[in-house]
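S.K.: Below is one structure. I have some questions about it.
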């Protein structure tokens, strides 16, 4: 699964997922299903916001070219993928500026057009079950919830899907592709049933003998893409076209 993640997702997304897991003391090399799930969630959040802008009349528009968009305001603020301190700083800033109620939990996005925070969910189970779990956890009518599944289903608060049909179809197609790629490598079943995967992992670890003399040096280099992304997120004039270029699936 780890090899699949590094092949299928952009290095920027992989590094953000690794950083998030390490922040909570989790190891991407061991909890590989979670690693894949976090990468998938990050990519959906990026795709959700791509190409969506607000014009001078405060109308939502979709533009896919680069330079002409520099003066347009991005419709969505991406909160997911930041470290917790920076994420809460962004949330507090939005609340102070817009007057919206501060959420109890960190949301994934903020929609400047609808003036609401958005919680994105990607599930391997039934969408309505996952939606209810999210709603029960958040316990706030102010945060909008939008759930996607790998089977093409979706569910949103009050059936308000926020995005146009084409944008949502793009996300669903990507999720279906990820599922197909996992299935072709024999990874889908364990991804759907994490408990079985954990049992198999424990069994595999017990069967391994300590190996002496193996290289243990780990590279801590930061990818140029990540260095570009961090200041870009803080720049209100960043372009969706540049950010979208990071999201192409890299295949062998």
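Numbers run from 1 along the shown chain.
Even glycines carry a Cβ here, placed using N, Cα and C.
Here Swiss-Prot flags 80, 108 as active site. Positions annotated as site 'Important for efficient shutoff activity and nuclear localization' by Swiss-Prot: 195, 198, 199. Taken from Swiss-Prot, the feature site 'Important for efficient shutoff activity' covers 202, 203, 206, and the record attributes it to similarity to another entry.
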S.K.: How big is the Cα-to-Cα gap, in Å, between residue 108 (active site) and residue 80 (active site)?
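M.R.: About 5 Å separates the two Cα atoms.
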S.K.: Identify, in sequence order, the residues in the chain of residue 80 (active site) that are 6 or more apart from it along the sequence and have a CB within less than 8 Å of its CB; answer 'none' if there are none.
M.R.: 41, 42, 45, 87, 106, 108, 109, 120
S.K.: Starting from the Cβ of residue 108 (active site), draw a 10 Å sphere and report how many other Cβ atoms land inside it.
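M.R.: A count of 24.
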